[in-house]
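Q: Once you've had a glance at the structure underneath, I'll fire off some questions.
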Amino acid sequence: IWRNLRNATLFSSLFLTVSVLWCGYGVVFILRGQGVLNDTGDFRNALVPGLVTFTLALLIIAVVGFLNKEVVLAMIASAVSLASAHEVAMRYNTAFGSSAVACNYMIVCLAGGYFALGRILYFLSKEKIAIPGTDLAKNKVQEQIQSTSGSMNHFAVTGLILNMLSASVFGCRLLGVTSKLFIGQVPWLWAAGIYQIGVCVLSYRAMDVLMATFFGFTSILKFAGGYCLLYPIWQTEEPTFPIPFLVVFSILFAVLALFLTLKSVVDGLYLLFYVAYCIALACRPKGFFEGGPQGVDVAIFVASALMTLIHLYNVKAGAKIPTGKGVVKALVASSSFLKLREGANLHAPYLGYSKYADAEVLGYACSVLASFAITVTGDTQAPLHTVVIPWVVIAGGILKLLSGSVAFARGKTLESCAFILYAIMWIIWGLTRYGGLYGTSRSFHTAVGIIAFMLFNSFIVFCTIFLSITWFFYSLTFLLIAVSFLLDAISALPAGYDIAATLIFGLVSFYCFLSALFNSTFEGSCLPMGRPLVQLSGVGGGMTKCLHLPARKASSVKKIADILKNGGTCGIPTDTVYVLVAACNRPDAVEKAHRSKRQAQERPMSLWISSLKQLEPAKHLFSPLLWDFMDAAWPSPISLVIPRGEWVDFLGMKDSAKYVGTPQSVAIRIPDCSVTTHLIDLVGPIVVTSANPTGEADTTHHNQVYAKLGDKVDAVLCDGPSPENIASTVVDCTKIDSGNIGFFRVGIIPKSQVLQILEQVQKKYSLVPSSDGCTTKGREEHLNHVHAVHNGVGTAASAERVAVRSADGGRENHTRL
């Protein structure tokens, strides 16, 4: 929807909201059918909190839809809203029948059918027939620009509605709308939690780090709330909450609110409700089940509804509702101490291109939450009495896995490995120690598993000495956590050691959280991550010494072309592995490329063109057989080594020629890569060599180009992993006119395929004896051309050999391998 439709924020908000509605609604009906909701009023208590939320949320979407003249969308939203309202009334008063609900859903069917019919006609008529209300023009340029810059998150509305849903479950209990909290309301809470994680991912796609982190935090609360309502399954008493965890959670919300005020004052104030919520949970031992937190839930419900209206209305409205956007940013901008990070490349990864903003802020915050959650000593007699599992498993496990996945997508391989490893450790330990699965009979097996994790983490600790000081201490202090797990497994844990280890790791993680927030918001090093303890030569050089540009952008290719025209050298992706290139008409650049990779004399540089049109002025210097073979073989990962001749001068190589090929031959090809050929169109023919020092393995990722040549090139065009891990096939065509070709290197294209191409070309020049003993006209033209070429590709000797073969009985095939 977001890719194609006008007013995509409204459409995506409507469809995601209705999806959550019917997910929770359906599961409640399943629970009723399975006999879980047997008591009088259980079904009503389970349905009403969700229906109340969606009645208001869909009404807001409908109102904004009418204001934006999206009639079909507004009709569907208003009809589902009215259906939910009538069903709530029906549950409290039998005078309300189900007919009103059915009529509203009939409106949804009619409006949806009308919309579908309009879209089908629109596509079948090739955009000539457009029924009113279904012509969704793609007027999205301004919205896309705002989304790219990170100033607008079009998925935040759905996240706010999910906050309304979870708050409604507990708020309805306080207001007397429902009579109790029980398992029937878990579907609403967990559906909200699952969708909230999805909104968190979409927010990272929208380059909104702060709101993505906020939605990750709120998803933890939703899963914890649902977990608490399941308590009758394993115990009779209501669960209690760890106070240290909730205090730390409120601090994280407060810090996040402070940074969010830079974007919008209203958004920052909204987060303060969650600060109050965590404090209320910490103050009441029974947490979600007491009136204090439930009162804050009512406030969150109202605030979330208002924020939903503001966000939806301000997307398209000319006169926007004031939110204090940019007020605090203007104050900070006037300060000489802090300078905000701004610009189109605000969320660009330090290597290459990524569709996601950085998720390290959430990863570090989850480490803080998980470490402070396990400061509570588990009760072996009632392991589930204290709420620890949601904080450890969801925060330390699920969300940390998400952070690791996003880090991997941004090219941070080591950080992603650490996050994923720690996430698995938190999940396993949280479930075993605090889930009642851990006992003396399992202690040996648990210890073996923990030792395995410690070995993996020791390798990560070693690697982080080449990353940064902060990361070294972050991974090292987690080793203290793993040691406490091991000592506990073998019943040798000293008193207080586990508390000390978790506090140390939590404080280090909190510093990392603050550092990541500061570094993503402000320029400079207010809270630095520190330099590597050991700096390796070449590693990290590309981060500061050369440009890294995403290959998916045409502007990036143009910048690379400008660098090459000005005498620079660049690493670029191809149809095989990454290569180092220079413009062939810039001898200084070719010499620089030759020196930068310590090119060996026995491995000369090759020549690339974008099409045979660039050789068209010198076509008369090539034999027809070789020309047609080049035309049939390219574009492809096949390099043809052909004799050096006057044709080289037509490409303007000048003094570059001494670095290209050998005195007798030159390797040339047209790559089968649109980015590379477009670059050659802009620059002209280029001189190419592999992007690695001589003797080392080929580079198959732009990260490897940085590691090997980052401080020796001017720019790298980043396109992630190479499509292939094998280099091109190099074919010796110096004697093709005499019937001989060879292979210097068999790469991605096998010999058989090259020979098949040659055979098809040779059919054009095969000898066909006529009645008077003469050959065909095509054969005669080929021989005449071979005799006529003096300093080109063909030679007199080869022409003589062909002539002898022609006179000798008229062989049908003159190629011999």
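Note: Cβ is positioned from N, Cα and C throughout, glycine not excepted.
Feature table excerpt (TrEMBL):
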TRANSMEM  12-31  transmembrane segment
TRANSMEM  95-117  transmembrane segment
TRANSMEM  155-176  transmembrane segment
TRANSMEM  214-234  transmembrane segment
TRANSMEM  240-262  transmembrane segment
TRANSMEM  269-289  transmembrane segment
TRANSMEM  295-315  transmembrane segment
TRANSMEM  384-402  transmembrane segment
TRANSMEM  414-432  transmembrane segment
TRANSMEM  444-467  transmembrane segment
TRANSMEM  472-493  transmembrane segment
TRANSMEM  499-522  transmembrane segment
DOMAIN    554-749  domain 'YrdC-like'
Q: The transmembrane segment (499-522) vs the transmembrane segment (240-262): three or more C-beta pairs under 8 Å (separation of 6 or more)?
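A: These two stretches do touch.
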Q: Taking the transmembrane segment (269-289) as the reference, which of 214-234, 240-262, 472-493 gives the largest number of Cβ pairs under 8 angstroms?
A: 240-262
Q: Calculate the per-residue pLDDT averaged over the domain 'YrdC-like' (554-749) and state the result as an integer.
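A: Averaged over the domain 'YrdC-like' (554-749), the predicted model reaches a pLDDT of 87.
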Q: Should anything in the same chain at least six residues away from the transmembrane segment (295-315) have a Cβ under 8 Å from its Cβ atoms, list it; otherwise answer none.
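A: Contacts with the transmembrane segment (295-315): 7, 9-10, 13, 53, 56-57, 60-61, 64, 67, 143, 152, 154, 156-157, 160-161, 163-164, 166-171, 174-175, 266-267, 270, 273-274, 276-277, 280, 321, 323.
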Q: In terms of Cβ proximity under 8 Å, which residues at least six beyond the ends of the transmembrane segment (444-467) contact it?
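A: Answer is 414-415, 417-418, 421, 424-425, 428, 432, 438, 474-476, 478-479, 482-483, 485-486, 489-490, 532-536, 539.
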Q: Who are the long-range neighbours of the transmembrane segment (155-176) in its own chain, taking Cβ under 8 Å and residues 6 or more past its ends?
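A: Apart from its flanks, the transmembrane segment (155-176) reaches 9, 12-13, 16-17, 20, 24, 48-50, 52-54, 56-57, 185, 188-189, 191-193, 195-196, 199-200, 202-203, 206, 208, 211, 214-215, 218, 221-222, 225, 288, 291, 293-295, 297-298, 300-301, 304-305, 307-308, 311-312.
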